[in-house]
Amino acid sequence: MNELLHQHKAIPEDERNFALRPSLIEEFVGQSEIIENLKVFIKSAYERRATLDHVLLYGPPGLGKTTLAHIIAKELKVSLRSTSGPLLSKAGDLAAILTNLQPMDVLFIDEIHRLHRNIEEILYSAMEDCCLDIVVGEGCGARTLRIDLPAFTLVGATTRFGLISNPLRDRFGIPLHLEFYSVEELMLVIKRAAHVICTDIDDSGAYEIASRSRGTPRIALRLFRRVRDFMVVERQSIIDNHFADSALFNLGVDKSGLDKMDIKYLSFIYEAKNAVGIETIAAALSEDVGNIEETIEPYLLKIGFIQRTPRGRILTTKAIEHLMNYKYI
């Protein structure tokens with residue numbers, strides 16, 4: 001049971017890194033339209049002493065879906081229980097979690113698009129009627145046992161919205177699409193992190209890191225921590241644009257935020273001279289197709305470096321110019 005479900009606790013071995021994650025909705029940077037609406041929904045539910053409608057958070061990885069799930073529970077002043085789609089392989093797994101929820105609790109299911117269909121069907125009645133229908137026995141002796149559940153809020157998170165079945169998708173009253181961050185928003189994320197861990201950084205340094213963070217807070221914080229490591233070792237008093245540029249160069253991150261895997265991806269397509277299928281690319285890079293579609297391609301599409309066609313992936317002129325300017329090809 002503990003492997004399937006855990007209550008949210010700070011990570012004891014690195015509480016400072018955990019503190020980089022905002023815990024209140026007022027501390028959350030970016031996604032302004034979503035946040036303003038979410039404030040209304042949460043306040044309404046809290047004042048009515050009712051459960052918040054089920055929430056579906058979807059968008060590219062690293063934009064704050066898990067953070068928002070924690071914030072929702074904290075703002076509602078209830079407990080958060082979390083698990084993930086791949087862990088729920090049997091009906092009994094989900095039943096054990098649901099029957100252990102307290103009234104008004106928030107259940108967070110990450111990677112909800114990876115739920116088995118039989119698990120989804122159990123969720124339907126739980127989400128709509130707060131009850132659990134379980135088939136007991138087999139064949140002619142089979143019967144349905146109904147178990148009442150406490151009212152709860154399900155928060156689902158996914159990077160693959162299209163893989164969620166329509167019946168499950170329609171049961172979420174609050175679907176929220178998270179989008180890539182602007183450089184200015186990422187600068188605020190980095191400055192907040194610098195303040196939390198007592199690191200001096202000026203606007204130029206924050207901009208240098210933010211502009212290479214692929215529009216993603218998780219990447220911005222990771223790059224900031226690595227630049228901070230160089231700062232500590234090299235006895236630098238402050239992170240400015242020159243120091244950040246040097247550290248990021250050592251990390252293999254170029255001015256557009258591309259890393260070595262991105263360059264391998266783009267170079268392979270360039271050398272093919274024609275459109276290339278995703279399976280061929282995955283085999284050449286020894287990467288999983290899902291990982292390429294979820295972590296590499298969204299940003300390259302956003303900055304206009306690749307196009308998806310019926311025949312496969314092709315590079316844009318902008319991408320080819322970038323590869324040539326940096327002498328990658």
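Cβ atoms here come from the backbone N, Cα and C positions, even for glycine.
Look at T66 (ATP binding site): DSSP puts it in a helix. In sequence order, F108, D110, A157 are the residues near T66 (ATP binding site), counting only same-chain partners six or more apart with C-beta under 8 A. The ATP binding site annotation in Swiss-Prot covers L20, R21, G62, K65, T66, T67, R171, Y181, R218, and the record cites sequence analysis as its basis.
Annotation comment: Swiss-Prot describes T66 as Mg(2+) binding site.
Among the features that Swiss-Prot reports, DNA binding site is placed at R308, R313. Neighbour density for R313 (DNA binding site): within 10 A of its CB lie 23 other CB atoms from the protein chains shown. When secondary structure is read from DSSP and collapsed to three states, R313 (DNA binding site) falls in the strand class.
Feature annotation from Swiss-Prot assigns region 'Large ATPase domain (RuvB-L)' to 1-181.
Sequence annotations record features per position, and here Swiss-Prot assigns region 'Small ATPAse domain (RuvB-S)' to 182-252.
According to Swiss-Prot, the region 'Head domain (RuvB-H)' annotation covers 255-329, on the basis of sequence analysis.
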- Task: Compile a sequence-ordered list of residues in the same chain as R171 (ATP binding site), six or more apart from it, whose Cβ lies below 8 A from its Cβ; state 'none' when nothing qualifies.
- Result: H54, L123, Y124, M127, E128
- Taking DSSP three-state, what's R308 (DNA binding site) in: helix, strand or coil? strand
- Item | Fewest Cβ neighbours within 10 Å, where candidates are the binding-site residues R218, R308 | R308
- Message: When secondary structure is assigned with DSSP, how many helix, strand and coil residues does the region 'Small ATPAse domain (RuvB-S)' (182-252) contain?
- Response: 49 helix, 2 strand, 20 coil
- Task: Determine, using Cα-Cα distances only, which of these binding-site residues is closest to R313 (DNA binding site): L20, G62, R218.
- Result: G62
- Note on the structure: One of the binding-site residues L20, G62, R218 has its Cα closest to the Cα of R308 (DNA binding site), namely G62
- Task: Look at the binding-site residues L20, G62 and tell me which residue has the greatest number of other C-beta atoms within 10 angstroms of its C-beta.
- Result: G62
